[in-house]
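Asks: Have a look at this one before I ask anything.
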Amino acid sequence: MYPPSRKDFISLTLSDPHSQNYNNGKHRRQSCWRKWKQLSRLQRSLILFLLALLLILGLLSYSSITEHWRGLSDQEDWLELNDRELKAIPPDAAGEARGPNIPILVKPPVKKKIFANKRGPPSLQRDANVSDTVGREKQEQVVQEDEGEEEEKQKKIVSWRGAMIEADQATEPPPSANEKEAAVPPAPANPAGTVPLEVSPETRVRLEAVCDAFRHAWKGYKDYAWGHDELKPISKSFGEWFGLGLTLIDALDTMWIMGLKEEFAEAKTWVEKDLSFNKNVDVNLFETTIRILGGLLSTYHLTGDQLFLEKAKDIGSRLMPAFKTPSKIPFSDVNIGKGTAHPPRWTSDSTLAEVTSIQLEFRELSRLTQDPQYQEAVNEVMTLVHKLPGKHDGLVPMFINTNNGQFTHKGVFTLGARADSYYEYLLKQWIQGGKTEDNLLEDYLEAIEGVKKHLVRQTGPSKLTFVGELSHNRFNPKMDHLVCFLPGTLALGAHNGLPGDHMDLAVQLMETCHQMYKQMETGLSPEIAHFSLQASDGSDVIVKPADRHNLLRPETVESLFYMYRFTKDAKYRDWGWDMLQSFNKYTKVSGGGYTSINNVRDPLSTGPRDKMESFFLGETLKYFYLLFSDDMELLSLDKYVFNTEAHPLPIWPSPPK
């Protein structure tokens with residue numbers, strides 16, 4: 001067979017359809033080229049310019065689209081991260097205890113979200129400082145559902161320090177009466193506030209100063225007294241009262257509120273691993289209730305961490321033997337290891353303030369555990385005191401007998417030590433319970449009228465209003481620093497609808513408590529002040545040598561906090577700032593911690609007492625922080641009531657009418 005000739009090859013090629021397509025395309029390209037060459041130079045330039053312009057516009061559009069796609073992808077990744085890492089965990093769920101750096105979020109039913117630039121919650125991104133709690137315009141985002149009538153129902157405010165906070169009322173159906181009474185723990189509180197705030201430089205400086213003070217105090221405690229009750233900062237050692245880590249437990253909710261994550265985490269680890277109440281030790285019922293039980297309940301509500309509720313139930317049950325008395329008025333001391341209780345060795349009396357200032361905590365423990373024994377025990381005390389003879393226009397004596405349940409040492413009336421928090425808890429129980437317990441309100445209103453009638457006077461020199469004492473119908477112009485709780489309590493009552501003249505008295509007494517600091521050479525108040533009733537050019541405040549000490553007490557700054565919250569008068573903040581600077585100047589110990597002092601009248605020789613009370617961290621610094629915070633929703637006084645150790649507990653839902 002012969003190979004094909006060139007003619008045959010050409011014939012085969014022309015008959016091939018693929019070859020025909022190739023040739024047709026070639027002819028078309030040649031035809032287009034001829035047409036292009038026939039165009040004038042101006043026409044060709046115009047066409048090339050338009051093509052170049054279209055190319056540039058196409059590239060710009062492609063860049064914008066790909067960036068948008070990338071952003072959507074990042075948001076999907078963020079959503080997936082949060083669904084995986086921040087899934088809501090019911091506070092009552094069993095399981096491993098959670099640390100403060102794991103936010104517990106109520107997952108919102110929303111469709112559109114606005115996200116911070118950084119992945120994950122801001123509380124997991126930074127070291128603890130004041131910026132954790134203020135000025136976070138881009139770290140708390142308002143999330144809205146923009147779907148017609150559903151817009152208002154779906155509005156939420158996200159806070160990364162604790163919970164999903166409803167901007168308006170809850171959209172779920174209202175609970176039944178039984179559900180309202182059930183002890184369903186509320187969502188963890190929102191210490192960081194609910195809206196981004198514009199924080200002034202002055203506010204930022206003051207908040208940071210409080211956090212610095214706390215860190216300095218905590219450093220001393222951690223270095224020299226870790227796990228013990230109190231720091232002795234001068235000798236760099238510790239003091240033991242009950243052996244239960246009082247300072248650490250008292251400070252838990254303060255650290256959470258301030259956003260001090262590392263400090264909180266290490267304290268929580270100690271509570272989890274080292275705190276045991278199975279000890280053969282006598283504890284004071286009142287102090288253990290307000291500091292330890294109150295501190296654990298408050299921290300549970302703020303964090304949602306079941307660990308703190310379990311510890312609260314443990315100590316609460318161990319305190320119950322105190323109520324096994326003939327009169328149901330509890331003994332002052334309990335052995336929490338043996339389950340026995342007894343009065344002090346020198347008397348069978350209990351202090352009235354102590355037996356009537358444990359109610360907020362035990363009532364809340366019953367609500368959470370659904371065990372009525374705690375609330376029944378403390379309510380019975382209030383019922384007995386309500387009916388007792390021996391009051392003087394609502395004022396009560398300082399002691400009550402545990403055997404017969406009667407007042408003792410009658411005729412002496414004070415709002416200072418041994419009686420003070422009785423009056424405070426009358427109002428706060430009424431608020432806690434939804435303003436339904438009329439006996440509490442009746443006793444409180446009668447007592448305030450008794451205070452105004454028998455104990456309120458004015459000084460001669462400057463007409464300062466103060467609260468004195470009555471001893472067998474004889475007036476004594478003596479006022480403990482403890483009485484400076486009263487302006488705040490009066491203001492709280494007025495805020496809750498009580499008579500307006502309560503607020504007038506609060507304003508006057510607040511000025512007096514301020515002067516107890518301002519008129520001292522150190523800028524710090526004495527433990528006890530006497531007041532001059534004589535008209536003269538002299539000083540209003542008289543301090544006896546035995547009364548010149550300062551214990552780092554919180555009552556004045558506590559009332560400043562209430563007064564600022566309700567009036568927004570900046571002078572109360574300024575007064576508090578002066579006080580904080582005086583604490584730093586005269587009580588701060590260089591190696592860590594703060595110390596109480598012996599003499600507020602001598603700046604050159606204050607006489608350090610080598611003791612930092614647990615309430616300096618649990619109350620004093622907490623109230624300073626709340627005073628300077630611009631966030632009025634940070635522990636809103638319409639949602640929380642503070643126990644007498646500054647531990648916030650939730651106000652109960654009002655029962656259905």
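Glycine is treated like the rest: Cβ placed from N, Cα and C.
Remember, TrEMBL labels are computer predictions, not curated facts.
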Asks: Which of these, CYS211, CYS513, shares a disulfide with CYS484 in TrEMBL?
Replies: CYS513
Asks: From the ranges 57-84, 169-196, 365-392, 533-560, grab the one TrEMBL calls region 'Disordered'.
Replies: 169-196
Asks: Which whole-number value in Å describes the distance between the Cα atoms of GLU287 (active site, proton donor) and THR644 (Ca(2+) binding site)?
Replies: 10
Asks: Spatially speaking, which of the recorded positions ASP420, CYS484, CYS513, GLU527, THR644 is closest to GLU555 (active site)? Use C-alpha to C-alpha, please.
Replies: CYS484
Asks: Using Cβ-Cβ distances, find the residues under 8 Å from CYS513 (disulfide bond) that belong to the same chain and are at least 6 apart in sequence, listing them in sequence order.
Replies: HIS481, CYS484, PRO487, SER525, GLU555, THR556, SER559
Asks: Enter the number of other CB atoms within 10 angstroms of the CB of ASP420 (active site).
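Replies: Neighbour count, Cβ to Cβ under the 10 Å cut-off: 24.
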Asks: How long is the line from the C-alpha of THR644 (Ca(2+) binding site) to the C-alpha of GLU527 (active site, proton donor), rounded to the nearest angstrom?
Replies: 18
Asks: I want to check the contact list for GLU527 (active site, proton donor): same chain, sequence separation of six or more, C-beta distance under 8 angstroms. What comes out?
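Replies: GLU527 (active site, proton donor) has long-range Cβ partners ASP480, HIS481, ASP547, ARG548, HIS549, ASN550, LEU551, ARG553.
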